[in-house]
Amino acid sequence: MKDRSSTPPLHVHVDENTPVHVHIKKLPKPSATSSQKSHKRGMKGDTVNVRRSVRVKTKVPWMPPGKSSARPVGCKWENPPHCLEITPPSSEKLVSVMRLSDLSTEDDDSGHCKMNRYDKKIDSLMNAVGCLKSEVKMQKGERQMAKRFLEERKEELEEVAHELAETEHENTVLRHNIERMKEEKDFTILQKKHLQQEKECLMSKLVEAEMDGAAAAKQVMALKDTIGKLKTEKQMTCTDINTLTRQKELLLQKLSTFGETNRTLRDLLREQHCKEDSERLMEQQGALLKRLAEADSEKARLLLLLRDKDKEVEELLQEIQCEKAQAKTASELSKSMESMRGHLQAQLRSKEAENSRLCMQIKNLERSGNQHKAEVEAIMEQLKELKQKGDRDKESLKKAIRAQKERAEKSEEYAEQLHVQLADKDLYVAEALSTLESWRSRYNQVVKDKGDLELEIIVLNDRVTDLVNQQQTLEEKMREDRDSLVERLHRQTAEYSAFKLENERLKASFAPMEDKLNQAHLEVQQLKASVKNYEGMIDNYKSQVMKTRLEADEVAAQLERCDKENKILKDEMNKEIEAARRQFQSQLADLQQLPDILKITEAKLAECQDQLQGYERKNIDLTAIISDLRSRETGGDQCPEYRVPTGDCQEGGGNPPVPAAARGENTGMWDPGKAVGERH
């Protein structure tokens with residue numbers, strides 16, 4: 001505080017509408033003429049401090065405790081007899097004191113209301129996300145329970161499938177046994193007929209042999225009688241010898257015929273047994289070949305079924321992969337929509353904040369324009385007053401004219417700055433329009449994406465319905481197959497029981513034939529060696545058939561597993577599609593509010609453009625006023641001295657200010673360290 005006088009600081013308490021005019025003595029050092037001082041603005045009642053746009057590094061003057069200072073840039077022209085002080089308005093705030101009545105809180109309230117609405121929307125969205133997460137957790141738990149239940153059902157189905165396979169195996173064995181029994185039955189019927197014929201033939205041969213035996217026995221009896229007679233008579237005549245020789249010849253003849261018939265009978269029996277054995281072997285061979293052909297056809301049919309099932313499994317796997325890819329794309333689209341919504345909300349908030357800031361700046365510019373007009377009016381009034389006092393202050397008027405010229409130059413510079421600011425505002429408005437166009441394009445893109453997503457959802461729903469219908473048809477087919485298998489099983493068990501009873505009856509009827517079969521077993525053993533080879537081949541074919549059946553059972557189990565997995569995947573897809581649909585509906589509900597917000601922002605931008613045009617017109621008016629002032633300043637010595645007011649009001653009511661030349665003292669710049677106008 002070296003440049004100040006030793007006088008203590010002055011505190012002045014005045015009313016709000018009282019004008020204040022302060023004159024300070026000239027500083028002793030000439031270097032102080034180029035220094036810049038700051039005005040102190042009180043912040044009491046309905047007044048607030050306004051931020052300055054230009055800051056100059058100067059020494060801080062003494063301030064009373066508990067107060068803050070604001071440093072506007074001021075210009076001062078000083079000469080030993082006179083001093084003129086001009087404080088140009090800043091580029092952002094053109095008033096030294098701004099009242100609370102000049103500020104409107106409607107935009108702030110609307111901005112706060114919008115922010116509160118967006119916060120509420122965000123809270124509701126977060127709550128919805130939390131609810132969705134809890135639902136997802138519950139669905140996961142339900143899925144785990146369903147998986148456990150399905151695994152239990154799967155085990156039960158595997159057991160049932162194993163039992164069905166065993167029953168099918170038993171059914172096949174029973175079927176083969178029944179076919180064998182039928183074949184044996186047919187064979188026994190034919191054998192009975194053949195045996196009946198052979199029996200008749202044998203009976204005729206046996207009758208012939210008995211007749212030959214009876215004739216031979218008669219001949220032997222006759223021979224015994226003749227021999228007995230000869231023993232009793234002990235004399236043999238020629239007739240006796242002839243009869244004896246004749247009977248001997250007849251006996252030999254009868255014995256030879258009996259031997260021939262016996263031999264032929266044995267040959268017939270042997271041929272009959274050989275025929276029976278060969279026929280039995282041929283029938284067994286035919287049955288084996290028939291079984292082999294049936295096994296080959298069954299194997300081919302199972303291979304075709306396996307190929308068809310493999311194709312169906314591949315198609316189902318491809319469909320599952322396609323559904324997974326579609327679900328993945330749907331989840332990615334939902335994530336991108338979430339990020340786009342957050343980005344749009346952030347942009348809307350930033351644009352609303354920027355719009356509110358622009359509105360405040362525009363209002364401040366309006367206030368500064370009004371203040372400038374008031375200053376110009378005050379200057380004009382002072383010019384009128386100074387014209388009356390021009391005779392006494394000619395010399396000070398010349399200096400004032402110079403200062404006015406410099407001030408006019410400063411005002412021109414300020415007008416140029418305003419032009420630059422207006423150009424910047426135009427650029428900002430153009431940028432805002434471009435951002436609006438980009439928002440419109442984004443909104444159109446979002447609407448287009450919404451339509452695409454709706455189409456995809458419709459396609460997915462159709463696909464899911466088709467898959468559900470296919471699943472229902474497959475389930476119905478499997479149910480029908482199971483019912484038919486159960487019916488066949490019951491029918492075959494009934495047939496098996498009937499065949500068993502018939503077999504027992506046939507066994508009882510075949511008891512007399514077992515003796516003959518025992519005789520044939522000796523000859524059958526010779527053929528067992530050849531039969532073993534066929535049995536080995538049959539075992540190989542049986543093992544192959546068993547392998548094919550096991551493979552078919554495995555394929556059936558795999559198909560059942562695939563069906564179950566398809567059911568699970570379909571359920572999951574339905575749940576994910578419902579969740580994605582809900583998310584898309586919520587997002588669409590949020591996005592439907594964007595056109596209203598965009599319309600509001602467009603209306604605000606249009607108002608800003610209108611206000612900017614009004615400011616341009618005001619700027620033109622101000623330039624016209626400045627040109628008029630210049631033309632008046634060219635009048636030279638005819639214009640009196642005038643001074644710019646330092647505040648909103650001047651001290652002393654309506655009395656005109658006393659010129660410095662009349663008082664006989666030098667004027668200085670208004671120093672808040674020596675005289676302060678405070679409002680409490």
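Including glycine, each Cβ sits where the backbone N, Cα and C put it.
Residues or ranges marked as region 'Disordered' by Swiss-Prot: 27-46 (among others).
Residues or ranges marked as phosphoserine by Swiss-Prot on the basis of similarity to another entry: SER68 (among others).
Feature annotation from Swiss-Prot assigns phosphoserine to SER69 (among others).
The phosphothreonine annotation in Swiss-Prot covers THR87 (among others), and the record cites similarity to another entry as its basis.
The phosphoserine annotation in Swiss-Prot covers SER90 (among others).
What Swiss-Prot records for SER101 (among others) is phosphoserine.
The phosphoserine feature in Swiss-Prot is assigned to SER104 (among others); the stated evidence is similarity to another entry.
Marked as phosphothreonine by Swiss-Prot: THR105 (among others).
What Swiss-Prot records for SER110 (among others) is phosphoserine, and it gives similarity to another entry as the kind of evidence.
If you look up Swiss-Prot, you'll see SER124 (among others) marked as phosphoserine, on the strength of similarity to another entry. SER124 (phosphoserine) falls within a helix when secondary structure is assigned with DSSP. The Cβ of SER124 (phosphoserine) has 11 neighbouring Cβ atoms from other residues within 10 Å, across all protein chains displayed.
According to Swiss-Prot, the feature SUMO2 cross-link maps to LYS133. Sequence-distant neighbours of LYS133 (SUMO2 cross-link) (same chain, 6+ apart, CB under 8 A from its CB) do not exist here.
Here Swiss-Prot flags SER134 (among others) as phosphoserine, drawing on similarity to another entry. If you take the C-beta of SER134 (phosphoserine) and look for same-chain residues 6 or more apart in sequence within under 8 angstroms, you find none.
The coiled coil annotation in Swiss-Prot covers 139-212 (among others) and is backed by sequence analysis.
For THR226 (phosphothreonine), the number of other Cβ atoms no farther than 10 Å from its own Cβ, over all displayed protein chains, is 16. Reduced to three states, the DSSP call for THR226 (phosphothreonine) is helix. Taken from Swiss-Prot, the feature phosphothreonine applies to THR226 (among others).
The number of other Cβ atoms within 10 Å of the Cβ belonging to SER256 (phosphoserine), over all protein chains shown, comes to 12. Secondary structure from DSSP puts SER256 (phosphoserine) in a helix. For SER256 (among others), the entry in Swiss-Prot reads phosphoserine.
According to Swiss-Prot, the feature coiled coil maps to 275-418 (among others), an assignment based on sequence analysis. Mean pLDDT, taken over the coiled coil (275-418), works out to 78 on the 0 to 100 scale.
Cα of THR226 (phosphothreonine) to Cα of SER124 (phosphoserine): a span of 142 Å. Taking CA atoms as the reference points, SER124 (phosphoserine) and SER627 (phosphoserine) are 60 Å apart. SER627 (phosphoserine): 12 other CB atoms within 10 A of its CB, across all protein chains. It is 175 Å from the Cα atom of SER256 (phosphoserine) to that of SER627 (phosphoserine).
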